[in-house]
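*Asks:* Take this structure first; my questions come after.
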Amino acid sequence: MNLLLIAVAILLFFGLIVFILLFGESPRLRNGIVGKANRALTVYIPRWIIGTLKKILGPKNWNRLSHLWHYCFESRNPFLQIFFMILTSGSIYLFLKYGLPHIPGIYLHSTHLIIIPSQIVSLYLSYYMACTVDPGTITADNVQQYLDHFKYDGLLYQPKQCSTCRLEKPARSKHCSMCKACIGRLDHHCFWINRCVGVNNHRFFFIFLFTLVQFCAYGAYLCFQIYRGMIIEWGLDAAYVIDKKTGQHSPITFRKAFLHVLQKDRIIGAIGILATVVSLVVFLFFLYQLYLAGRGITTNEAFKWELIEDSIDRGELWLEEEKTATNDKDKVKKRMDGSKKRQRKVESLEELDNIYDEGFYRNLYNVFFPPRMKKAA
Ligand SMILES: [Zn+2]
Ligand SMILES: [Zn+2]
């Protein structure tokens, strides 16, 4: 089987899965085939697996497995961090052992011998920062600062207390059951860095994603150029194919020469393919994160906005108009049908304002230069 075809198929498959998981619940897609695939992946298949396992294992073993599941997937643990470190360090080691002897080469200048170590250092450093910087833990000491800075919009956020932390819940914050704390401007809990992505470490998360994308793209580029060099070194550029019937000589195509080298020297090829896949998948995620951050929405709020869109579709969202106030001071409240107060039905999402959206550049500025809050002790 053609190795390149397999690589492309793997690439498309992972891309599709990521797309389905990221966008399958969005109101526009959830009623179509993407939505169905999303429910299959997140609801039906897990339900089927759970049902089958319960039957096979019996109640005692099932309980043990649930505890293990809880530890692995529903509480903080370093598994994915270890996996990430093994995968990156292993690939780097193999590249240094098998790829580095080809540099400098026909297509690779000796400056790469300086770029490669600085790339490796920047990847580990950015990962270390993303894994260790406090995401913005809210404590009794700093809750007032958060309350002062993040105002309630009366739509996504209302004044409320966190039932676990027993503290006021500032707008844009959320309690993370894994980190066991409320996190300021929470984006999401990330298993790869084993902590939340919040107001204080969102920038490091972005820097890490960007570093990883360009690190993998650079790695894939190096592997490709090493192979191109091998084609020349092995004299494949001058090779030709003889047609058995006519006896005609025709030069070998680049694609054929490339595949020949790929099959003879598979380790660099495997690293190159892995780097390409990771680079593309993480790049998609990076773009999605950038898109949300640029619109002044966290991943958590994207979900909340979807719920709001849902209630608009069902005709259950009402705008409460203050009689004395001017139009721009409309107060928004979610109400069920039938309430007698003066209000009008919200017909579309455009009627609602995201007060946290200060424009693309300002929103990104807020992510990269967050407000200074007292740190958790
Ligand atoms: Zn809390
Ligand atoms: Zn968390």
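Quick reminder: no glycine exception, Cβ is built from N, Cα and C everywhere.
Copied straight from TrEMBL:
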- 6-24: transmembrane segment (TRANSMEM)
- 79-100: transmembrane segment (TRANSMEM)
- 106-125: transmembrane segment (TRANSMEM)
- 158-305: domain 'Palmitoyltransferase DHHC' (DOMAIN)
- 204-227: transmembrane segment (TRANSMEM)
- 267-288: transmembrane segment (TRANSMEM)
*Asks:* Should anything in the same chain at least six residues away from the transmembrane segment (106-125) have a Cβ under 8 Å from its Cβ atoms, list it; otherwise answer none.
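*Replies:* 88, 92, 100, 211-212, 215, 218, 222, 225-226, 228-229, 232-233.
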*Asks:* With helix taken as DSSP H, G or I, strand as E or B and everything else coil, how many residues of the domain 'Palmitoyltransferase DHHC' (158-305) land in each class?
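*Replies:* Tallied per class, the domain 'Palmitoyltransferase DHHC' (158-305) gives 82 helix, 20 strand, 46 coil.
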